[in-house]
Amino acid sequence: MARQGVRRLSHSVCLVLTCLSLALHLILALFCLSVLQTSCVIPPSSSYFTKMAAHIDHKVEASFNIVNEKEKDKKLIQTKMATKVVSGQRVSNHSKLEALFSHPLYNLPRKHLLEDDWLLKLKPKNKGEDSEEEDEEEDSDKSSEDSEWQSDSEEDGYDRANWTRSADIHPAWLRYHLGISRWELYDRNDPSVAEVTQQMATQRILSAVQKSGGTQLKLIMSFPNYGQALLKPMRQERDAETDFNLFYFSDFERHNAEIAAFHLDRVLGFCRIPPVVGRLINVTTEIRAITTDHKLSRTFFTSPVGNLCFHGQCEYYCSTENPVCGRPHVLEVSLASMLPDISLAPRRSWRSPWRRSYSRTKLAPWEKNPDYCDTVKQTPPYSQGTRLVDLIDMVILDFLMSNMDRHHYETFEKFGNDTFLLHLDNGRAFGRHSVDEPSILVPLRQCCRIRRSTLMRLRLLSLPGFRLSDVMRESLSQDPLESVAPLLSEQHLPVLDRRLKTILQAVHTCLEHHDDVIHDDLQGYDVMITGGKNFCFK
C-alpha cells in the first residue's frame, strides 16, 4: 500500500511538472513572437531605441537638415525678393506703407538737376565715335570687342561684362550708383534699388575678405556681377537688450539694426542709408571655402558643440572669447550695398559737433554748455545752407532707434557743403527698448531748428492711419530674414511711437520759445495732412 501511494504521488508530480514545462514553453514562444514583431514594426510613439538612434545619427542628420533648410531658405528668399522687385513694395488692400508712400509729402516735385548735380556720369563720346558704332552694328563679331567695359574673368566665376552706355544692360548696382545725386542717395521709386537688395539676398558669393579698419568684424562680399556688399554678422539675439552697465561704445553691433535702420530711414523719407538686406549664409561654403584673406582664414575653429566659428582681426571683440558662430554652419547676416569706390567718388568725414567724449569720466562740451548751439550756428558749414537741419534729420533718426554712436558723418566731396549727409554705420542702434536716451535729442533742443518737410512727415507718422510702428512692421516684413524671426521684436516697435511723441513735444516747446524754428523747404507747395493742426502750408 505504501509503494502504491508513492507511485501515485510521483505520477502526480510528473504530470504537474509536464504541464508547467508546457506552459513555460508556450510563454517563451509568445515572447519570441512579440520580439520578432517589434523588430519589424517601429511603434509610432517615441521609444528608447528611437532616441538612441537619433542621438547616434545626430551629426549626419544635422548636416542634411542644414542643406535642406538652406535650399528652402534660398527658395523662400528668391520668391519673396522676386515679388519685391515686381511690385516694389507689399501690395495690400489695407497697406499703411503703400498709403504713406502715396501721400503728397512723399511725392513732392523733384528739384531740377544740372549735370554737376549727379555724383557719377558716363564717359562722353569721342569725335568720330558715332561712325565707329555704325561699323559695330554692321560687324556683330566686333561688338563685344569694342565695348566700353569688357571682362574675360569668366573662369573666376564672374559674369562676362560687356557694358556700354545703354543703361538697360548695366547691373543693378551700377544703375543705383549712377542715380546718386546732390540731394539724395537714391530715388525711392527707382526699381534698381529693389533689384540690388534682391541680388544681395540671392546671388552666389564669390569672395569674402575682412574689411580693414573699424572696431568690430566686417566682411566685404563680392558677387558675380562685380557688385559688393558689406557684411555684418549676427552677434546676439534680437530680443537681447544692451546691459545698462555698459557704455555706449562697449556694445556689440547688431545685424538686424543695420537692416531696420535702412527701412526707418526710407519711411522717414530721407533715403540716405545705402540699401541693406538680411541673408542666411553658410559659414563653411560662403566664407571659409572662398576667402583669400589668410589672416581671416586662420581665425576659424570649431566650438565644443560643433559650430563653425571665426573672429577675424579688429580693434574690439575679435578673439576666441567673442567669436561669430554658425548653427552649426548657418549664420544670419546683414548685407549693405557698397558706395562707389572713393577713387571715383571721394567722401569727406566730418566730426559731429555733438560727438560724445568716449570717456568714462569726461563730459563733452555740449553736455556742459546749454547754449552750445549758438557757437555751432556761427561756425561753417553750419552757419549757412542746410547743413544744420541735415544734422537735425540725422539726430531724429538716431533718437528713434536709440543710436548713441554717431561720432562722425560723411558727405560726397564733389558736392561741397551743399548736399545731404550719409547715414552710415548704424549697428549699435535698437539696443534698448525699455528706456529712451534723451541726450541724443540735445541738438534739436539746443538749436530749435527743423525742416518743415521733416516735421510734417513726423506729424503724419503720428496719425493712426500712418502710425510709425505699423508702417515699420510692414516694411520690415519684406526682408528675407523675417521668415526666420521678426527683425525687430514687438517690444521695439511701440517704442518708435513713444519716441516720436517726444520729438514732436520737443519741437512744440521750441515753437513756444523761439521764432526761427522752421526751415521752410516747402515754399511753393500746398501740403495737406488730414487729421492734425496747421494742415496747409504754402
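Count begins at 1; order follows the chain as displayed.
Every residue, even glycine, has its Cβ placed from backbone N, Cα and C.
Since the structure is predicted, the reported quantities are computational estimates derived from the model, not experimental observations.
In TrEMBL this protein carries:
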type     : residues                                                               : note
ACT_SITE : Asp405                                                                 : active site
BINDING  : Gln216, Lys232, Glu253, Ala336, Ser337, Met338, Leu339, Glu410, Asp425 : ATP binding site
BINDING  : Glu253, Asp425                                                         : Mn(2+) binding site
COMPBIAS : 130-157                                                                : compositional bias 'Acidic residues'
DOMAIN   : 300-515                                                                : domain 'FAM20 C-terminal'
REGION   : 125-160                                                                : region 'Disordered'
SIGNAL   : 1-29                                                                   : signal peptide
Neighbour count (Cβ, 10 Å) for Gln216 (ATP binding site):
20
About how far apart, in whole Å, are the alpha carbons (Cα) of Asp405 (active site) and Glu253 (ATP binding site)?
10
Kindly state the mean pLDDT of the domain 'FAM20 C-terminal' (300-515) in the predicted structure.
94
Where the record says Gln216, Lys232, Glu253, Ala336, Ser337, Met338, Leu339, Glu410, Asp425 bind ATP, what is the longest distance in Å from one Cα to another among those residues?
20
Site with most surrounding Cβ atoms, counting all protein chains shown within 10 Å, from the recorded positions Asp405, Asp425:
Asp425
Quick one: give me the count of other CB atoms within 10 A of the CB of Ser337 (ATP binding site).
23
